[in-house]
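**Student:** Structure provided below as structure tokens; questions to follow.
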Amino acid sequence: MKKNDNFRITNLGDPKIISPIHLSKTIGDSIFNFVEDTDRILADVKLKNLHSSLEHDVIPDSYERSGPREKIFFKGENTTAAIVTCGGLCPGINNVIRSLVMALHYFYGVKRIVGIPYGYEGLNPEVGHDFIELTPDKVKDIHEFGGTILGSSRGGQDVSVMVDTLVNNKIDILFAIGGDGTLKGANAIGTEILNRGLKIAVTGIPKTIDNDIDIIDKSFGFETSFDVACPIVRDAHNEADGAYNGMAIVKLMGRDSGFIAASTALSMPVVNFVLVPEMDFELEGENGFLENLKKRLNSKKHAVIVVAEGAGQHLFKNDEATTDASGNIQHKDIGILLKEKIKAYFDAIDMKTTIKYIDPSYIIRSAPANANDSLYCNHLAYHAVHGAMAGKTNFVVASVNNRFVYLPIADVTKKRKKINMEGGFWFGALQSTGQPFSMK
Ligand code: ATP
Ligand code: MG
């Protein structure tokens with residue numbers, strides 16, 4: 001059988017220290033067992049693909065199962081860990097910080113844990129932010145709040161300077177909580193560390209409200225985001241329904257991937273149209289959005305439209321694209337454009353309508369995590385700590401195929417996860433809204 005080295009996790013060295021966690025490898029002896037590095041989870045759960053691998057005599061792709069290792073690399077009492085949060089806010093960041101601190105302190109007896117303030121900026125001494133000492137007492141209540149107690153930022157920092165800061169502060173483990181940008185940054189830091197022959201572990205915990213990190217089942221905070229969006233859409237429906245030819249447009253987050261908008265539409269069947277960035281649609285023309293909207297109003301006298309912030313960007317005139325400090329393209333406001341175009345269209349045909357435009361984006365992203373996201377955040381933090389203490393580096397922790405695994409950062413940042421316009425999830429969203437398959 002041919003070897004398969006895909007998705008291998010790098011280790012800083014041979015883990016030789018006996019874990020202070022009291023577990024057993026023998027089933028029946030204890031409540032939970034240590035996990036071996038060789039314990040792997042199949043990447044592709046389609047039976048047909050497994051057959052095909054075996055027919056070609058190749059070991060199928062798999063991911064390393066996460067969890068506590070019997071032998072670890074860092075001795076807690078000599079270890080300093082650091083936590084940094086970057087990019088946009090997302091529900092659950094404080095839950096992750098809290099559980100990282102608790103696990104490091106109580107499971108492994110880690111001596112010192114510091115918070116890096118305001119994202120990667122906090123690793124640049126020239127900016128002059130002081131580290132925040134993190135103790136169980138300091139973090140015990142923070143899961144109650146949205147946002148991040150460490151602060152966040154965008155904008156690039158010199159990788160070499162950031163590694164120097166880790167070295168100068170005797171940091172052994174860096175936990176980076178953030179989206180694609182943060183993870184690319186973490187990988188760059190981790191690679192520089194390996195190139196310098198240093199023994200500092202770098203771990204990523206994928207945070208993106210848009211759920212656009214590739215391979216993984218979901219990123220934390222994503223579920224809370226459509227949980228918070230659903231009652232807003234319910235109330236928007238009341239507004240639309242309460243007026244003759246009433247319409248409500250709700251703009252939700254989703255820069256390049258429309259998972260929040262589509263999930264909200266699927267959870268809230270009062271949504272009649274959902275527009276996502278992955279979708280190619282036109283406003284005008286006999287199959288266009290406006291004509292479909294008119295049909296809907298003629299039959300039901302109201303309509304609810306959910307639009308992701310990155311949808312319909314092709315409808316804007318080709319003026320200069322602007323970017324944020326991290327180089328992300330800043331989208332034009334599709335919600336406002338829709339409202340204007342809808343109004344102009346119905347005014348032109350003398351049809352009396354009312355339009356309400358609602359943009360709850362910032363309320364959603366700063367909300368505290370719901371119960372299921374809190375559960376997920378805690379699991380992620382515990383698994384991240386086990387992996388880092390075992391000396392693994394340049395990895396992220398996530399659930400894939402409903403199992404917790406370690407993945408090389410480089411593998412999850414190759415491309416963004418997007419809605420498959422020919423897949424079952426999008427088909428579900430179309431069935432729920434009743435909108436046509438194509439509006440071109
Ligand atoms: P969000 O989900 O909010 O987009 P994000 O992590 O993608 O989160 P960004 O602002 O894009 O947010 O990036 C966070 C940080 O990572 C920024 O400080 C950015 O400069 C840094 N970063 C991004 N890519 C790299 C890279 N290749 N090397 C070093 N740093 C990087
Ligand atoms: Mg990003």
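Keep in mind that glycine also has a Cβ here, set from the backbone N, Cα and C atoms.
What you are looking at is a predicted structure, and each value in this text was computed from that prediction instead of being measured.
Okay, these came from TrEMBL:
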- ASP210: active site, proton acceptor (ACT_SITE)
- GLY88, ARG154, GLY155, GLY179, ASP180, GLY181, THR182: ATP binding site (BINDING)
- ASP180: Mg(2+) binding site (BINDING)
- THR208, ILE209, ASP210, MET253, GLY254, ARG255, GLU309, TYR362, ILE363, ILE364, ARG365: substrate binding site (BINDING)
- 81-386: domain 'Phosphofructokinase' (DOMAIN)
- GLY181: site 'Important for substrate specificity' (SITE)
**Student:** Measuring Cβ to any atom of ligand 1 with a strict under-6 Å cutoff, which of the binding-site residues GLY179, GLY254, GLU309, ILE363, ARG365 qualify?
**Tutor:** GLY179
**Student:** Which binding-site residues out of GLY88, THR182, ILE363 lie by ligand 2, going by a Cβ under 6 Å?
**Tutor:** none
**Student:** Centre the Cβ atoms of GLY88, ARG154, GLY155, GLY179, ASP180, GLY181, THR182, go out 8 Å, and tell me which other residues of that chain have a Cβ in range of the ATP site.
**Tutor:** CYS86, GLY87, GLY119, GLY178, GLY185, SER326, ASN328
**Student:** Do any of GLY88, ARG154, GLY155, GLY179, ASP180 (binding-site residues) have a CA within 10 A of THR208 (substrate binding site), and if so which?
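**Tutor:** Within 10 Å of THR208 (substrate binding site): GLY88, GLY179, ASP180.
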**Student:** Measure from the CA atom of the residue listed as 'active site, proton acceptor' to the CA atom of GLY179 (ATP binding site) and give the result in Å, rounded to a whole number.
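**Tutor:** Cα-Cα distance, GLY179 (ATP binding site) to the residue listed as 'active site, proton acceptor': 9 Å.
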**Student:** In the structure shown, which of the binding-site residues GLY155, GLY179, GLY254 has the fewest other Cβ atoms within 10 Å?
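**Tutor:** Each of the binding-site residues GLY155, GLY179, GLY254 was scored; lowest Cβ tally within 10 Å is GLY155.
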**Student:** Taking only C-alpha atoms and a 10 A limit, tell me which of GLY88, ARG154, GLY155, ASP180, GLY181, THR182 are near ARG365 (substrate binding site). These are the binding-site residues.
**Tutor:** GLY88
**Student:** From the recorded positions GLY88, GLY181, ASP210, pick the residue whose C-alpha lies nearest to the C-alpha of GLU309 (substrate binding site).
**Tutor:** ASP210
